[in-house]
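Okay, structure first, notes after.
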Amino acid sequence: MGLLSFRQPSWRISRSQFYPIWALSQLLLNPIAVLAQSAADYYVESLPGAPEGPLLKMHAGHIEVDPEHNGHLFFWHYQNRHIANRQRTIIWLNGGPGCSSMDGALMEIGPYRLKDNETLEYNEGSWDEFANLLFVDQPVGTGFSFANTNSYLHELDEMAAQFITFLEKWFAVFPEYERDDIYIAGESYAGQYIPYIAKAIQDRNKDIHEKQSSSARWNLRGLLIGNGWISPAEQYPAYLSFAYEEGLVEEGSKLGKELETLLSICKSKMETGPKISITDCEAVLNKLLDKTVDSNNQCINMYDIRLRDGSCGTTWPPDLVDVKPYLHTYEVIQALNISPEKESGWDECDGNVGAAFRPQKSEPSVKLLPGLLESGIEILLFSGDKDLICNHVGTEQLISNMKWAGGTGFETSPGVWAPRHDWTFEDEPAGYYQYARNLTYVLLYNASHMAPFDLPRRTRDMVDRFMHVDIASIGGAPADSRIDGEPLPQTSVGGQPNSTVHQEEEQQKIKETEWNAYAKSGEAVLVVVIIGVLVWGFLIWRSRRRHNGYSGIAIKSPSRTSIMGRFHNNHSNGADVEAGDFDEAELDDLHSPGLDRENYAVGEDSDDEAHRQDLPRAQESSSKSENNLVT
């Protein structure tokens, strides 16, 4: 879910009981479980309800970010299924504040969606096709994250600093991803989080450069914000503008006049009080929703105006009915390495976090966008056109008013604006886009507050193009995506796993990689064999000379520490290799194994993942005695 509304019923934010006996036993029997420091400790070996076939490579668990207040952030990471032209990592954050990024993982851009409360199926538009995905529950207290209840965060700079701590520690565990191109994505109130985190990353990189530190600088490439709460000064008035535009309220009507009065109060408060969350401004939305209640006691869904329900959208989307029980399942909790210190069950949105996070000092994140754009960071703002609470009218207005890189809004030159380009996807009107000076805006037709939930394939096509994914060397069935009727460069959406052409090309790619590894190790073996043959030949020659009565210098028996001795000892087990008399199987026993991966995961392993995979077999007897605790 995205932006929280005061209309949310209390049951949505209650904290349910979370297996207290199991939690206590975990702490007593396995006290180091919450202090995991290696990738193996986070490895997800199995996932209940996953589709048949090889499990996608994933890690999950907690990273400590605030030792003083027991603050831990929960993450769920998926390795990309295919590598295109470069390695990328997308960090996904949901909004709220206080709403879990498991929404994004299980209802929007993650590789799985729920068929029911215990069965997963593949998401055809998952963003993990060509990018690693890192979902993080933040700030502390959100979703599976936890902290002492009196230590929830209040300001955006606090949140950003804590997130930098998380990334520092996360990359220490998973260093193979630290050099990736990094994109930060999210929706709704994450429109406040994301620019602040981006600025904090830039400040960190600058500090490393100035101090000539050996720490790696993070390659921040772009930001993606969907239906974002970025500029309250434009978004609050857009409640009424959008309602007029969509025919929800008639201009000049009694209701229209009532809302105009509330809006004028809102604007006066924006000039004097906090700039991000203003109670008097939220009254405009609440009044509008109250007046849409019909005879069936149903009102407009504030996240999708095409729908009506009794809670005005607070129980939407419908997948929530399955997500919550799934994430409360004991086996899922174990599989995701949930710390026993997380004493309450998963809630989509935590009201305590949301109540605490009401910034009084922080400036709205829109203030940071010009500097980020001018520094070379590409930014994509996308909006589903059926969302009310963070509607596209407000987003378009903030773009029109924003000044950066010598222009205002989408100006390409003084008084000339970049044109809007029509976008069609698979023969259907998909929306339009505009671009100027590192900023891209996309309006998605027939999409809600959570556009990837409604349109997974279109949004995947959108994100691939924003990240400049090049699939020329990958293959697969290209998606039919066009701008102003002209086909775009080829990318593939949902065709990769089921594409015969792609599978054949991927298998060939793996074979070539294996052959390269084999050839390198084979060269080393060949050198050893040649040396062995030469020495062996020399010994035979000397033996024959001695046998024929020739005198010479006596050759001592090779010692165990000599090179010849080691070679002899290593091959005294019957696997003798002789020049001109060997087969490839014998060579395979000598060289390091090459790449042996399924075609759904081509990338680097974490250092100790193999150890984790072997651990259950090595410790089978001991694990039974420890009640099969998660390692």
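Placed from the backbone N, Cα and C atoms, the Cβ positions cover glycine too.
Residues annotated as signal peptide in Swiss-Prot, with sequence analysis given as evidence: 1-35.
Residues or ranges marked as topological domain 'Lumenal' by Swiss-Prot: 36-520.
Annotation for ASN117 (N-linked glycosylation site): spatial neighbours VAL321, ASP322, PRO325, TYR326, criterion Cβ-Cβ under 8 Å with sequence separation of six or more. Annotation note: ASN117 (N-linked glycosylation site) sits in a coil segment as assigned by DSSP. Marked as N-linked glycosylation site by Swiss-Prot: ASN117 (among others).
Per Swiss-Prot, active site is recorded for SER188 (among others), and the stated evidence type is sequence analysis. The DSSP secondary structure for SER188 (active site) is coil.
Look at Swiss-Prot and you will find ASP387 (among others) tagged as active site. Around ASP387 (active site), a 10 Å sphere centred on its CB holds 30 further CB atoms from the protein chains shown.
Marked as N-linked glycosylation site by Swiss-Prot: ASN438 (among others). Here the Cβ of ASN438 (N-linked glycosylation site) has 17 other Cβ atoms within 10 Å, regardless of which shown protein chain they belong to.
Within the same chain, residues at least six positions away from ASN446 (N-linked glycosylation site) with a Cβ under 8 Å of its Cβ are ASP385, LYS386, ASP454, LEU455. As annotated by Swiss-Prot, N-linked glycosylation site applies to ASN446 (among others).
For HIS449 (among others), the entry in Swiss-Prot reads active site.
Here Swiss-Prot flags 477-501 (among others) as region 'Disordered'.
Look at Swiss-Prot and you will find 489-501 (among others) tagged as compositional bias 'Polar residues'.
The annotation N-linked glycosylation site is assigned in Swiss-Prot to ASN498 (among others) on the grounds of sequence analysis.
The transmembrane segment annotation in Swiss-Prot covers 521-541.
Residues or ranges marked as topological domain 'Cytoplasmic' in Swiss-Prot (evidence: sequence analysis): 542-631.
The feature region 'Disordered' is assigned by Swiss-Prot to 586-631 (among others).
Swiss-Prot lists 588-599 with the feature compositional bias 'Basic and acidic residues'.
The compositional bias 'Polar residues' feature in Swiss-Prot is assigned to 619-631 (among others).
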Worksheet item: Taking Cα atoms as reference points, which of the active-site residues SER188, ASP387, HIS449 is nearest to ASN438 (N-linked glycosylation site)?
Response: SER188
Worksheet, complete the sentence: Counting every protein chain shown, other Cβ atoms within 10 Å of the Cβ of HIS449 (active site) number 30
Practice prompt. Between the Cα atoms of ASP387 (active site) and SER188 (active site), find the distance and write it as a whole number of Å.
Written response: 11
Fill in: Cα-Cα distance linking HIS449 (active site) and SER188 (active site), given in Å to the nearest integer
8
